[in-house]
């Protein structure tokens, strides 16, 4: 607003007033300047990520938690040697762990790129195509709704009122005979 002019209640012309505390970019007030410097600014695109809890919204709780016991089980009476069972457990667990790491190393970034593009396109289409189409449809359907309402009130309401009056005088007596 620098250079702007305004008129007070008596009609005097003034330039735009300068705030004593400055603005958010250049605060004149020392306390305000220190407060601005102390605040941490977080950007949604460069925020810190949690490297320990990588599923904070629990998206994969019941889908991907597959352990050895969930896949391989020996019923009572048909057991392999204990050493084979332990080696199978270790092989399964280590293979699953390292093969997942290998796949995520090879395909993690390309898949993140593909899914990022997909959700960007989906968001774009929703914002620029779907919502405007729905709003347009709702505006256009109001006209049809009014015509339909007039039709119902003109033709159907009198018909149903007449049928209702016809059947309103019907009386039913029920007697219980012993």
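Each residue, glycine too, has its Cβ placed from N, Cα and C.
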Pick from 63-83, 84-104, 105-125: which range has intramembrane segment per Swiss-Prot?
105-125
DSSP-assigned states of the topological domain 'Cytoplasmic' (126-178) in counts, ordered helix, strand, coil:
43 helix, 0 strand, 10 coil
To the nearest Å, how far is the Cα of residue 47 (ubiquitin cross-link) from the Cα of residue 57 (ubiquitin cross-link)?
16
If you count Cβ atoms within 10 Å of the Cβ of residue 57 (ubiquitin cross-link), leaving out that atom itself, what do you get?
7
What count of other C-beta atoms do you get within 10 angstroms of the C-beta of residue 47 (ubiquitin cross-link), across all chains shown?
7
